[in-house]
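Data block below; observations after.
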């Protein structure tokens, strides 16, 4: 029983700074006047990176029961290249609809880029940033902790993401043209709350008094146009967790940030399907560590009373009953509302952007052993970071996705029961680790766990890229609101405009302030390098910023290169079995037909004899599972109006027994739908023995859409 308990525990949860760090924020800079010819070479590109949509654990909530069972929206990699006119220097920023960038993923992308482009795209000038959707397939990590809940390394998904990133960069590279960049900023309202306000209140009152809110509400938007003023794309950075879709969801999707991208791209790419068109809009992550989109806040789901307390617990049922809710009627509606808020602000900022960026492109990068960084707090005090470890409150989860076994946030003491189980099965943390991480009670001493491979990274990327006066600070984890503010202020003393790009290059969980660390809520328990993690990062990023400012980047030591483990054969995902159709049926046959007529706002649904969607992911690049088509009287043909990347379509796969399965496709008919005759088509691949794949399709009966 003990072994089972600890196995469940691991499976379930594995998916003070110097006052010199506080500088008074600079006043908002007035926009510059537009004008002038294109002063940069610009390229934008977008490519699908969805991967398998069925039977693969979703990455984010670390819930072993949350595996893919279909598709809501596709996942995309969006790449942006900025080069100097003489092409002497360039910077690449890629925002990817995935939970986070893993070290394995980055190393493989850099390897592919080097084989194609030589030294043009390198570790110092390529930034890979995950949007942090919690509804994308996992299995693309090499460190043990992450592939426990992902059931190992899942090669088809890793390959899909690597190929999508490289393809998006290829497209951007091939389409480069002279253009201009404009920067704009604005406040996004009604879209976020601080999910650990008690932690935030531990920061000095003098520091908190300089800010009007306990989250960063400002959106930073970078607009790209060609030399004739034609739209090319945008990058928006805004701090909010893409967890509008909760841990009961099984449909692969890009959550609120990804849907905002689709909305903006559909606005600019008129007349084409989602995922198509030349304009590319990325809504990228920032310092979102303690920021939730579930704006109704935490409530006890069994009683309805508030559980906004330091431990996030309910009088009846404890921590497992305390959950935050979004603004909508369900998670789909909440995702839509938050996405539209973000999209509308970006649209406003894009239209009014007038501060033109000019100046050189520079970048700096180092690999750092974050387990052993000496931090100079002041003239007399030096501290150091720790070997990675997770605290007891890590197991509690958050109000966006609670844990199990009633672990609670804010635990500053261990639990003898769980500590004893850990000691027997995983080994007791060393006294050095316990002391270094105080007041965190160590649950998993991951820095001392090396079988079959290390459980957490020691070697971490730190990176800054600058475009004129703008510094993009690429951070390898989830900075809390105040941590991000301190880091921005530290870099701002060297650069004029600073934006934090989150979840870049390698994932190291959370980064809280020293004060937040003391109360050990989830974010602090997940600050794996100890209480001085933020101070170490501030010191490191200041060093990068100064090297850029003083033109001494070439003198920076590159640091210890990260390892690449051979874990390609480690997976617990079951192999795809041959597909079977029911007796007297064939693949694509309709089992439950559509209605004859629907009105706008209703849901058209059809169920087919299906096959495992993994067949298509492994057999066809960028496979489309469905279309919604409208009959055109003029041409006597069917025109595709929606596909499986559309927000209004949902693709559900239900696995049966003996290789049989069903697919249900829903079309949530939007208000903009023209009256007429429509049909729904399904496209799949069934599998026979010896890995033989055969394509098939199914078609619903025609049905009418009316406004009546």
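Glycine is no exception: its Cβ is also placed from the backbone N, Cα and C atoms.
Listed features, source TrEMBL:
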- 1-19: signal peptide (SIGNAL)
- 40-539: domain 'Neutral/alkaline non-lysosomal ceramidase N-terminal' (DOMAIN)
- 132, 241, 478, 510: Zn(2+) binding site (BINDING)
- 292: active site, nucleophile (ACT_SITE)
- 542-705: domain 'Neutral/alkaline non-lysosomal ceramidase C-terminal' (DOMAIN)
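Features per TrEMBL, on structure.
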residue: 132; record: Zn(2+) binding site; Cβ contacts under 8 Å, 6 or more apart: 60, 99, 100, 241, 242, 257, 285, 288, 478, 502, 503
residue: 292; record: active site, nucleophile; Cβ contacts under 8 Å, 6 or more apart: 192, 193, 194, 195, 240, 241, 243, 324, 398, 399, 400
residue: 510; record: Zn(2+) binding site; Cβ contacts under 8 Å, 6 or more apart: 289, 477, 478, 479, 480, 522, 523, 524, 526, 527, 528
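Across the domain 'Neutral/alkaline non-lysosomal ceramidase N-terminal' (40-539), the prediction's mean pLDDT works out to 96. Those same-chain residues not listed among 132, 241, 478, 510 yet with C-beta within 8 angstroms of the centroid of the Zn(2+) site C-beta atoms are 285, 288, 289, 291, 477, 502, 503. All protein chains considered, the CB of residue 241 (Zn(2+) binding site) has 27 other CB atoms within 10 Å. Within 10 Å of the C-beta atom of residue 478 (Zn(2+) binding site) sit 29 other C-beta atoms, taking all shown protein chains into account.
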